[in-house]
Amino acid sequence: VIAHPKYQESKRIAIFLSMPDEVQTEEIIKDIFKQGKECFIPRYKPQSNHMDMLKLSSAEDISSLALTSWNILQPSDDDTAREEALAGGGLDLIFMPGLGFDKKGNRLGRGKGYYDTYLERCMKHPHGKPYTIALAFREQICESVPVTENDVPIDEILYEDC
């Protein structure tokens, strides 16, 4: 991931904070800060499909985040001091989680459409749609995954030995 050309050229990067069954992103987050890039993480709004990408100030900033009912660390709802990526310069790259992927770039998420809805918002931003890379385990690559007209394909899927 760190050697990937899209990662190297990106300045504003959104990345998920891993759940135990996902590719672990902690070392990538540390590298984002080490390289002087800007790091944004998701804040999901429960009972909706709305998600914002909010700026982290450092890798250590993660320890100040609240744990949600889904067991995900994220900025609290009353945290208004953080920059939202689309309120500023947009994003260059989004690393995306998922449950399953196919080689056509389709992604099976957890069913709420958070990332698809966010990518739709990105397309309306002057900076445009960021490059999207899914981080996956080989076992998550399927022949095909179910898609709807609202699903936004991923630009690239990275997995071990891909």
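Cβ from N, Cα, C; glycine included.
Noted in TrEMBL for the protein shown:
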BINDING   Leu17, Glu22  substrate binding site
BINDING   Arg107, Leu108, Gly109, Arg110, Gly111, Lys112, Gly113, Tyr114, Tyr115  ATP binding site
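Locations of recorded TrEMBL features on the structure.
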residue	record	contacts (Cβ under 8 Å, 6+ apart)
Leu17	substrate binding site	Thr25, Ile29, Ile41, Pro42, Ile62, Leu65, Ile72, Leu73, Gln74
Glu22	substrate binding site	Phe16, Pro97, Leu135
Arg107	ATP binding site	Met96, Gly98, Gly100, Phe101, Tyr115, Ala134, Val145, Asp151, Pro153, Ile154
Gly109	ATP binding site	Pro97, Gly98, Leu99, Tyr115, Asp116
Gly111	ATP binding site	none
Gly113	ATP binding site	Asn49, Asn150
*Within the same chain, and leaving aside Arg107, Leu108, Gly109, Arg110, Gly111, Lys112, Gly113, Tyr114, Tyr115, name every residue whose CB is within 8 angstroms of the centroid of the CB atoms belonging to the recorded ATP site, in sequence order.*
Gly98, Asp116
*Other than its own, how many Cβ atoms are within 10 Å of the Cβ belonging to Tyr115 (ATP binding site)?*
25
